[in-house]
């Protein structure tokens, strides 16, 4: 039961197909407060060197980004020329900004035509990407962005496409395909086709079939870009079938997906000792925001309730709640209204909350990939962070060993005291 829960939460996909429903126009969401952040200064050359539109540079400055990350430095110059791109780079290094900036740079808005299609495997990630487009197109008032996903009435999406057709569409494959099949969404003018966390969509056969059908509805001549933090050697040939002579960028070798600045520890304990240990650690550790990962919806609800009873400012996100509630809670956490988030794997991939500096694996993830995506919620954008994993049985210990072997990282037992400066920025 718990395993199925985890799988469904991670993919969040079958709901797209069964509930004939979807998300609204991105413009209806509450305005997003600007959150300052800065990528690690790997390259002294700034974004200006990419010769981006002045409107884009202005938005980049507003976001507080000064220097491109390594993946941006490698990808953006080619991506803005319309080249196909296949990119793997570790979590938290700004892959989303690569395709957002590259497509906005090339976009020439035509009324009533969708030019850019971005797809990802969960609704929350789709919502977040649409917000990034809004953030970076702040000084491009003619650009319209919409997001479509399962969970709300399809009629609302059809109205948006009919009355206020966007130039950029972000969504999940199930809903995008439904809108394309009923002729509400016209894909004949697509110039840029993007898959974010592409491995998750192409590994699942039902989702891959949907992506392929959507792909065939778009023009032959277009730019295709695919991104992920984990891209196995088996899935790369599948990605290439969608592309023409792509530029391939693997910023890190598969075995070296370590996160610089992230301290990783484990705690050995019994399952019934987890709550007490968690409360003790939350009392002594310094944190901006914390994400606590659990394995099922039931545990998510119970732990969040327990934390609130212990006067910790916690909020829960899981697939058992209505779509509007999930997005509302995500936005509350992002806006710093709550400092502790309890979540299932649903929140594990690609979600950007820049203030998170501690991630807890209250329950051990089911594999090393999921471990990477979970702990990468802390220490994003090259900042410092702390990941603590609870190990309560032999299976947990085995997975932890797999993580250490695969990523060539040494995860040691949590010491009695940790130097605060090792996991929190002192000048935030």
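Glycine too: its Cβ is placed from the backbone N, Cα and C atoms.
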Swiss-Prot annotation (motif 'DECD box') - matching range among 196-199, 200-203, 204-207: 196-199
Site of maximum Cβ density within 10 Å, from binding-site residues 90, 95: 95
Contact set, same chain, for the motif 'DECD box' (196-199): CB under 8 Å, 6 or more residues outside the stretch: 95-96, 99, 118-121, 125, 129, 226-232, 235, 239, 349-350
Tally of residues which DSSP labels helix, strand or coil - the motif 'Q motif' (45-73): 18 helix, 0 strand, 11 coil
